[in-house]
Amino acid sequence: MSLFFIVALPFLGALLPGVMNAAGRSSCAGVTFTVSLSAFVGLLTNLPAILRGEVVKARIAWMPELGLDATFMLDGLGFFFAFLILGIGLLIIAYGRHYLSRDDNMGEFFTYLLLFQGAMVGIVLSDNILLLLVFWELTSLSSFLLIGYWKHLPEGRQGARMALTVTGMGGLAMIGGMLILGQIVGSYDLSVILQNRDLIQADPLYLPALILILLGCFTKSAQFPFHFWLPHAMAAPTPVSAYLHSATMVKAGIFLMARMWPALAGTTEWFVIVTSAGLITMVIGAVIALFKHDLKALLAFSTVSQLGLITMLLGTGTAFGAMAAMFHILNHATFKAALFMSAGIVDHEAHTRDIRRLGGLRHLMPVTFTIATIGALSIAGIPFLNGFLSKEMMLEEMTRTVMFDSPLLVPVLATIGSLFSAAYCFRFVGHTFLGPVRDDYPSKPHDPNPGMWMPPAILAVLVVVIGTAPFLAEPFVKLVTASVLGIEAEVPKSYIKIWHGLVPALYLSVIALLGGLVLMLIFNPLLRLWDAMPRPEAKTIFDAIVAASVSAARALTFTLHNGSFTRYAMIGAIAILAAGYHAWITGSVGTPTRAVQAAGPVPIAGWAMLVAASLGLVLLHRNRFLSLIFIGIVGLMVSIGFVYLSAPDLAMTQFTVEVVTIILLLLALNFLPNRTPVESTTLRRVRDASVAVASGLATFALAYHYLLRDAVGTPISEFHLANSYKGGGGTNVVNVILVDFRGFDTYGEIIVLGIAALLIFALTETLLRGPVRARLLNRVPDQPRAGDMHPMMMVVVTRVLMPVVLMVGFYIFLRGHNEPGGGFIAGLIVSIAVVMQYMASGFSWATARLRYPYHGIIGAGVLIAGFTGIGSWFVAKPFLTSDFTYVRIPPFEKFELATAALFDLGVFLAVVGAVMLSLESFSRLARRASSQDSEHPMDIDPSREEGALAPDGTKPEAG
Amino acid sequence: MTHWIIAPIVLPAMLAPFIVLAARYHVGIQRVFSVAGVLALIGISAGLAWQVSDGSVIYYRLGDWAAPFGIVVVGDRLSTLMILLTSVLALFVLLHAIGADWDRRGRHFHALFQFQLMGILGAFLTGDLFNLFVFFEVLLIASYGLMIHAGGNARLRAGVQYVLFNLIGSTLFLFALGSIYAETGTLNMADLAQRVALIGPEETVGIRVAAVLLLLVFAIKAALVPLHFWLPSSYAEAPAPVAALFAIMTKVGAYAIIRVYTLIFPPDLDVTAGLFDLWLLPAALVSLAIGMIGVLAAQRLDRLVAYSIIGSMGMVLVSIALFTPEGIAAALYYIVHSTLAGAVLFLVVDLVRTGRGSVELTTQPPMAGTALTAGLFFLAAIAMAGLPPLSGFLGKLLVLDAAYGTDLMTWIWAIVLGSSLVSILGFARAGSVLFWKAHSVAPTEEEESTKDGDDGGDEDEPDAGAPSRLAYAATGGLLALLVAHTVFAGQVHGYTIDMAAQLFAPDSYISTVLDTPGKLSAPKEGN
């Protein structure tokens, strides 16, 4: 079967358990089993090629430019691991079917399990290290889901997060390492990398790459000092512990070290880091395991220790070490999975895993007892069990290993590790199964049904078979070792056998076993000593680190983002000033190309008023009405400035905009207190003032600089001046620019205006429906309202003025193309006329006479402008292409008809609609807040004398 | 002359006033037109993207005025990809908003939505800096309208900050435009490219300051630290589908930076030498760090996602700041990813809010629709944290790969990888509280704790209940796009490489824009 299918099957099949969940537990487990079995069979079909020594490959391009392709290869090593993953996976699925209770969601469980299986197979078959990284992180994620499977258990959640954090961190480090490796070699393909040992090891980045990759391996395979997550992962259901956290996932790091062996191993750095980490892990794991009372915790630390042993073997960098490592992986996978499943059975039946509450189970659960004993004794290194063989090989290798110039250091430590291993195995068997039968088990245990004990039994049989007939496994182990070593070393000639003669390794084995027995005998005093000893608790440290990180993150984030806008603006302004200043000082300043013009008295007066008004605004801004007046002065001075600079269009626009803005702001002020309260300290005001002054000065300097210099090319405005009449049909260049040359900008801007009005309306609607409504209804104005709400004089004047102003607006609109004016100004003028009616005669009166809703006017305006633009499509011209012609209808003079006028009409309508809709929205708020005003104008409010601040809070009634 | 290139701007610009004029009281009709419009936009954008995929440049003169005197819109690989991304995103966001009934919770949702699209699409297509300013205004004001849609105190307060900060940005934009016009006398991008290159080494301060101010304007939009302060609260408080649409808005800033700084101010000119490399890359790295630290710090899911947006923008800007074709190609791949991932996450926030009534990261009883929502959150979080197998991981690899061998490589690698870890931790904690810890709360406490959780300020939210199928489908659909972005990563990345190549060789862009005559074309002056 193609390698793609072997990898893809578990992923594709992961959907099935979820779907089949409702069909019952057996169906659910059945489909899962079938999926795994198909992949397993698919793998086996490749066995003949592997045995012939071939390497099976498959390749699909994925991201060729990056060098990340879906490339798979199957050699001895890959086959070995895939065989373990899928084979043990099958046993675990069968076991899990009986282990999970009816309350557990089995579909979810098996979905995650298959995802994990696929990811794991992917790791071992990847020929591309980036692809390997993808699968690597996927195993972390699926492991996260599986550990947290029992969502209600805090241990599960915490364990899952811890595992994800630690292995995730390693994975991220490994990304760095792999990328460096790929860059050194120039390819991310494993097969290429493995051929380039010398190139890699000579590169200055070899050490960083090695450390980063080993970080990934060590975290995944729970090597010291990252071993602490594994025991906490035991909160997962036991099938998960047996599968992920003993047989497969935790071996991924070891797999990778083996895979990378030809490229990375053999250097001093490799030897020192890997061997010492492995050695420490092995000893520490074994020691801690002895004193754990939870069966699964004991086994977890045993796994840590055993993984340390394998790591240590790989660290030696010798061919024999590699062979011993491979053999031990096989053996560990068999006995440890069997042990975990046995522990699960005990837990399942006795409802406790606490070794202190167990004992005497051999009479109650003979089958489980047999399986567990075989497994445990194999770890301890009892002859005729497979653990003995690989442990002998390990000890043999250790006797040859010299570290830090000491030939004794490694063998002694390795023996101590073995000694403790033997001890915890004896304890596991002794304290659980031996001894008298107790009568206080949480539940009366008995052997489970065969579905549950069969899977570990199969493994136990393998333990014995390999242990007694090692020659059966030997060719396979050598095949795997050959693919680990690659082209760098020869497979050792030595045979795997039980009796090697009286070699040092045998003595060490005997010492370890006897020592283990002794430790067992003095266990109780030892335990008291252990309990009395202060030990760093990894979880406490980890939790403390996480908690510290979270509070540091919170401190930073919440200090930085404290919600104060002034501070945000200040930081922004400083950043802008700094970047601008940097650009300034790193550039060169040439001589000005323009002379400074003399300032006449008029500009100086205007300038002085502008400055005075601005200063006044800053100093007196707490009085809101006053500040509005100052803003008005600033606006007026700007308008006058435009007049002075011969820009009548701009002046008119600015002027009308000022009028409308001030009216709108007055309406808004209606809802605000008269004065802005003092909220900031003097210090802060000084700070803000200095930033503001600096920004102002910078702007001034910049403007001054530009004013003294010509542009590098002719400004495009020259073209506009030259072609306004010829091309746009108008002599008012500003208007032609607005409606023709850059009509598209205007189109955008009227839309901005329209949106602004729509959003003011939408906001008002929301406010009037929400809690604000009640506040408005209960609002007591802080000043007495005018008694004469609609003064007669004003009503009369505005009504008389209305047609006049409309006419002016119409005139301004029409002359726009050639003289100062245009749709925008006309729109504002007409709006002012209508606004005056609202002000003078009241909202109700005006609204009642309103025939076209303002929404519609905005919509129509934008649509008209748009359709004018689209019109040019019909004559095969681009959007907004203008045309004009001159017609003469007697008795009128010849006059111009321009499409631009139609566009300007759109502008006009959008402006009128937008201004009026905003105003209407404000007024509606105001109406809600005060009395309902009368339909009739010229009404007098007799309640004025009581004032708005009547003590009982009653609202003044309309007359 | 075909008019398709202007259609992505004109279509929503006509649809919105039509909705206001004719259908403002009928949400049903609005929905029909809004969805139909977005579907049409997808079709048009796809057509345009296909048309320019061979490396050609489409060009359109508004009002038939030739560049640089009139306004032009220009479609090349980059801009058409961005409009396609925008319209596709808009479809799913719109469907989600309809499914969750967001459009009924305030007025003018669809009109504002269409105007918003017009602004975004216009910003991507325009070839004129002042016109870009106009579209920035359109998208700013429309986004403000959408942001405060449906009201609520917290939302309005955040909205004020949002609009104020962005008005500072608009003012700065005007300063920058004024400066650039004063220095060069033109605002057309292609023309600017030629004229800036003419500026001699003896007089560079003016254009340098102008270039920096312009970059800062875009940096505000792109939420570069320390100009990002407007983002966290406004994205968090905005209606979630709107925040999802906003995922593309930060990309407008990134797009503008790429466009302007490959075309007009490439760093190899005399006048731009040493202008950005001192601070842009470090600032981007700080953004990445601050964003992901915020993910860990956040106490509400919506804030968490908002911070992750800052972080992913940091990643985009890191890649842009490398200023190599590889870096830009990686950035473009990552931009697509980050847009989709950010949007999915915000839609998930909405699902959580609907199902749970609150997005506080505190223990509450299991919400309605937990399993599906949890699954979507898990995948979206994987994408955003840059874990395999989704595109965030591939994007991260591309960025790291592009940074290999640069001066700041160690810093970039350390911060990119380190911030990933922080965000993984943040997302894992959030997911664990939302979806797992809930199971440890006894069901009897249900009523009480629901009430407790609700005082967080979601005053306008309806009562908790299962989200609608349409809302789920839209979220899932967007996630499916993310998967497609992963599966077809090779093709997409290949295309972004072509795109970067086109950006680094802007001659055909410039000549297409400047050499095509229009109405009354005057003889070329000044260049």
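Each Cβ is built from the backbone N, Cα and C atoms, and glycine gets one as well.
Remember, it's a predicted structure, so these values are computed and weren't measured experimentally.
Look at TrEMBL and you will find A:65-110 tagged as domain 'NADH-Ubiquinone oxidoreductase (complex I) chain 5 N-terminal'. The feature domain 'NADH:quinone oxidoreductase/Mrp antiporter transmembrane' is assigned by TrEMBL to A:126-401. Residues or ranges marked as transmembrane segment by TrEMBL: A:162-185, A:242-264, A:298-320, A:451-473, A:505-527, A:565-584, A:604-620, A:651-669, A:689-707, A:750-768, A:789-814, A:895-919 (among others). Annotation comment: TrEMBL describes A:610-673 as domain 'MrpA C-terminal/MbhD'. The feature domain 'Na+/H+ antiporter MnhB subunit-related protein' is assigned by TrEMBL to A:794-916. TrEMBL lists A:928-959 with the feature region 'Disordered'. If you look up TrEMBL, you'll see A:933-947 marked as compositional bias 'Basic and acidic residues'.
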Region pair the domain 'NADH:quinone oxidoreductase/Mrp antiporter transmembrane' (A:126-401) / the domain 'NADH-Ubiquinone oxidoreductase (complex I) chain 5 N-terminal' (A:65-110), three or more CB pairs under 8 Å = yes
Key: Residue numbers, six or more beyond the limits of the transmembrane segment (A:565-584), whose CB comes under 8 Å of its CB atoms   = 680, 684, 687-688, 691-692, 694-695, 698, 702
Inquiry  = Should anything in the same chain at least six residues away from the transmembrane segment (A:451-473) have a Cβ under 8 Å from its Cβ atoms, list it; otherwise answer none.
reply    = 88, 91-92, 94-95, 97-99, 327, 330-331, 334-335, 337-339, 341-342, 345, 348, 367-368, 370-371, 374-375, 378, 383-389, 495-498
Task = Could you tell me the mean pLDDT over the domain 'Na+/H+ antiporter MnhB subunit-related protein' (A:794-916), as a whole number?
result = 87
Query = Have the transmembrane segment (A:750-768) and the transmembrane segment (A:895-919) got at least three CB pairs under 8 Å, pairs 6 or more apart in sequence?
reply = yes
Task = Kindly report the helix/strand/coil residue split of the domain 'MrpA C-terminal/MbhD' (A:610-673) according to DSSP, in that order.
result = 53 helix, 1 strand, 10 coil
Note = Spatial neighbours of the transmembrane segment (A:895-919) not adjacent in sequence (6+ beyond its ends, CB under 8 Å) are 660, 663-664, 667, 728-730, 735-736, 738-740, 743, 746-747, 750-751, 753-754, 756-758, 760-761, 813-814, 816-818, 822-824, 826-828, 830-831, 834-835, 838, 854-866, 868-869, 871-872, 880, 882-888
Remark   = Residue counts for the domain 'Na+/H+ antiporter MnhB subunit-related protein' (A:794-916) under DSSP, helix then strand then coil, are 87 helix, 8 strand, 28 coil
